[in-house]
Amino acid sequence: MNVTVIGAGTMGNGIAHVFAQSGHAVTLVDLDQSRLDAALGTIDANLGRQVKKERITAEQQEATLGRIATQTDLARGVSEADLVVEAATEDATLKAKIFEQMDDAAPEAAILASNTSSISITQIAAATRRPDQVIGMHFFNPVPVMTLVEVVRGLATSDATYETVRQLSEDLGKVPVEVNDAAGFVSNRVLMPMVNEAVFCVHEGVATAEAVDTVMKLGMAHPMGPLTLADFIGLDVCLAILEVLHRELGEDKYRPCPLLRKMVAAGYLGRKSGQGFYTYD
Ligand code: CAA
């Protein structure tokens, strides 16, 4: 299958990695060639980890990289796609624009999927003339490691589109879970209030970030504490998701903590900016 991935950030490069690894021809699209080059470097390094752990061979690493082409022009990038997975910034206006352009340039039969973590699939689909072929394909970071794909059905998503994406997710070695279109779907509706509450604990002086994380790691067996996880996801992404939950569901329990807003305003975005609840080299 020809798969095009839009956006070469953390999620985009992980998605390109897993599709290429399972034998698909991948075109990775971003506006900026330097971001594409950086993404290929990251994919190479992550494949290198798998080689070191003897999960794949050096030949498979080379072959996987060889299946990934890059493109800075969106229309050209989707022109031969059977499936497009959009993993651009979490911004509803931007996504609507990208889907409109993809709808114009992609083959008629192509499925247009979004990796959005909280924006309505029904709303994204409305920007196209093929809402029955639009679906959410929500992966988790690090994509090569996390086995879940939250498959989100918009109001108009057809059974055929759902079935293709479900089967494809299984072929990638992932476990697809069917979810209907609602703010934050299941994953972030459950995860983000916990992350937000952890930030409130620091904001209100209940405990330090380290203490909050240790409680959740050792007491609840979470692989990462919620604030380490927030830094890993990106504090800007966490804030954007909470804003959607708060706006769409209209309840105070989703109100983003003022400390989270303040940190994002300061450019403390977590691991990717070098500073969040923790400092990174
Ligand atoms: N690519 C390939 N392999 C990777 C990798 C990557 N990017 N990152 C880690 N790995 C591999 C390692 O090589 C290692 O492999 P083995 O099991 O074969 O040894 C394995 O993953 C574990 O890695 P580490 O030993 O380096 O570190 P760890 O044991 O501390 O695990 C972690 C790291 C997998 C990230 C773990 O801490 C974890 O599961 N954290 C929680 C992650 C999580 O919750 N993600 C979801 C975030 S929410 C989201 O993404 C969606 C959203 O909408 C916001």
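The backbone N, Cα and C atoms fix where each Cβ goes, and this holds for glycine too.
Other C-beta atoms found within 10 angstroms of the C-beta of G7 (NAD(+) binding site) number 23, with every protein chain shown included. TrEMBL lists G7, A8, G9, T10, M11, G12, D30, E90, K95, S117, N141, K272 with the feature NAD(+) binding site.
Residues annotated as domain '3-hydroxyacyl-CoA dehydrogenase NAD binding' in TrEMBL: 2-181.
DSSP states for the domain '3-hydroxyacyl-CoA dehydrogenase C-terminal' (184-280), grouped as helix (H, G, I), strand (E, B) and coil, give 66 helix, 3 strand, 28 coil. The domain '3-hydroxyacyl-CoA dehydrogenase C-terminal' annotation in TrEMBL covers 184-280.
What TrEMBL lists as site 'Important for catalytic activity' is H138. Using a 10 Å Cβ-Cβ cutoff, H138 (site 'Important for catalytic activity') registers 25 neighbours.
Every protein chain shown contributes to the tally, and the Cβ of D30 (NAD(+) binding site) ends up with 25 other Cβ atoms within 10 Å. Among the binding-site residues G7, G9, M11, D30, K95, N141, the residues whose Cβ sits under 6 Å from any atom of ligand 1 are N141.
Annotation for K95 (NAD(+) binding site): same-chain Cβ neighbours under 8 Å, separated by at least 6 residues, are E86, A88, S114, T116, I119, I124, A127.
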